[in-house]
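Report on one structure; see the data block that follows.
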Amino acid sequence: MMRSILKNASRSLSSVPRRKYSSVLPPGRKVVVLGAAGGIGQPLSLLMKLNPLVSSLSLYDIAGTPGVVADISHVSTRTEVVGYMGEENLGKALEGADLVIIPAGVPRKPGMTRDDLFNINAGIVKGLCTAIAKYCPHALVNVISNPVNSTVPIASEVFKKAGTYDERRLFGVTTLDVVRAKTFYAGKTKVGDAGISGGSINSYKAVNVPVVGGHAGITILPLFSQATPKANLSDEEIIALTKRTQDGGTEVVEAKAGKGSATLSMAYAGAIFADACLQGLNGVPNVVKCSFVQSNITELPFFASKVRLGKNGVEEVLGLGPVSDYEKQGLQALIPELKSSIEKGIKFANQS
Ligand SMILES: NC(=O)C1=CN([C@@H]2O[C@H](COP(=O)(O)OP(=O)(O)OC[C@H]3O[C@@H](n4cnc5c(N)ncnc54)[C@H](O)[C@@H]3O)[C@@H](O)[C@H]2O)C=CC1
Ligand SMILES: O=C([O-])CC(=O)C(=O)O
């Protein structure tokens with residue numbers, strides 16, 4: 001019932017004669033957003049509606065989906081939008097998915113760490129991944145829900161138990177760390193387009209800063225020594241930029257003063273990463289993004305680093321490259337915390 005009501009909201013769009021365009025457009029992809037009515041879910045869903053690689057957008061939440069679908073479905077792009085609400089409709093939301101994005105879960109309030117979200121979000125991610133294993137076991141999965149350092153290992157264990165795990169298809173979304181590092185670096189150094197006011201949706205396209213490790217506090221390690229275009233920064237400036245990147249989430253949480261965490265910049269970052277995954281699926285060569293994935297470039301089973309994306313997800317996990325002494329220290333310091341967050345996730349998935 002809910003499905004048909006929501007489907008009506010987008011019927012005018014679904015009648016777009018897609019066959020007419022099929023010879024010029026890349027293959028249509030089904031993207032599912034789980035937690036679509038939330039602070040991240042809404043703007044992220046809008047951005048996916050604008051993505052020409054997405055032909056079908058399936059929006060799922062435990063509450064509030066109809067309004068979001070009615071609203072987004074009026075945006076004049078070819079993407080068909082269908083909404084689903086309630087656990088009993090989760091399977092229908094997921095069937096046939098090429099890419100599932102998970103921003104479902106509670107956000108931080110001031111004074112909390114991302115790990116403080118574990119008790120609630122671990123169970124949410126576990127439940128959603130159990131459904132993914134059942135209804136779309138071959139989809140790429142982008143995990144946004146925090147603590148990413150634990151929720152990605154949880155997802156991997158759920159998929160292993162279900163017999164569907166393919167390490168190439170599971171990603172922790174760390175793109176916001178890269179977006180922040182780029183913004184802060186470009187702002188400080190005036191490299192790239194930074195000196196130009198305003199700008200296009202990707203003004204800092206020419207600027208790149210790899211961010212490795214994980215997605216919480218000191219586990220977020222921006223490699224400013226590899227930043228391009230090169231700029232001369234003092235040690236103190238690099239330390240300050242590193243700290244600001246690591247504390248970027250907290251900066252937003254504090255500014256929102258109890259009303260949640262980053263949603264708009266996260267939607268932007270999530271849309272960039274999802275687009276890269278879709279480009280990879282479509283066979284676009286040399287799509288490289290940082291992501292928290294299964295990895296053997298350090299002693300840890302999961303680690304964020306540059307990853308080459310392809311038709312099956314991760315095609316290659318790229319090494320760290322040359323790092324400065326300061327970054328080496330950062331790497332050593334982050335290993336114990338990241339290790340324990342990964343182990344916590346694995347233990348939770350196997351216990352409960
Ligand atoms: N990876 C990253 O860089 C970032 C991650 N986050 C994380 O993203 C998550 C979501 O943040 P917000 O959107 O601000 O929170 P929010 O509370 O505004 O939205 C969360 C949505 O998830 C839904 N939800 C809860 N349980 C669900 C379930 N079982 N199935 C489907 N939907 C469910 C809620 O109904 C709500 O609409 C948080 O855990 C936050 O910490 C936030 C920013 C950056
Ligand atoms: O800080 C938070 O809780 C949300 C988050 O992960 C980020 O903004 O990087």
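Placement of Cβ uses the backbone N, Cα and C atoms for every residue, glycine included.
Source: prediction; values computed, not measured.
Residues or ranges marked as active site, proton acceptor in TrEMBL: H215. If you take the C-beta of H215 (active site, proton acceptor) and look for same-chain residues 6 or more apart in sequence within under 8 angstroms, you find R114, N146, P147, V148, N149, G172, T174, D177, F292, A304.
The secondary structure of S145 (NAD(+) binding site), as reduced to three states from DSSP, is coil rather than helix or strand. Residues or ranges marked as NAD(+) binding site in TrEMBL: G35, A36, A37, G38, G39, I40, G41, D61, N121, I144, S145, N146, M266.
All protein chains considered, the CB of R114 (substrate binding site) has 26 other CB atoms within 10 Å. Per TrEMBL, substrate binding site is recorded for R108, R114, N146, R180.
Feature annotation from TrEMBL assigns domain 'Lactate/malate dehydrogenase N-terminal' to 30-172.
According to TrEMBL, the feature domain 'Lactate/malate dehydrogenase C-terminal' maps to 174-348.
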*Within the chain of G41 (NAD(+) binding site), which residues six or more apart in sequence place their C-beta under 8 angstroms from its C-beta?*
V33, G35, L59, D61, V68, P103, A104
*Between any two of G35, A36, A37, G38, G39, I40, G41, D61, N121, I144, S145, N146, M266, the residues recorded as binding NAD(+), what is the biggest Cα to Cα distance in Å?*
18
*the domain 'Lactate/malate dehydrogenase N-terminal' (30-172) - residue tally per DSSP class, helix then strand then coil*: 65 helix, 30 strand, 48 coil
*How long is the line from the C-alpha of M266 (NAD(+) binding site) to the C-alpha of R180 (substrate binding site), rounded to the nearest angstrom?*
10
_Give me the long-range Cβ neighbours of G39 (NAD(+) binding site): same chain, 6+ apart, Cβ under 8 Å, in sequence order._
P107, G260, S261, T263
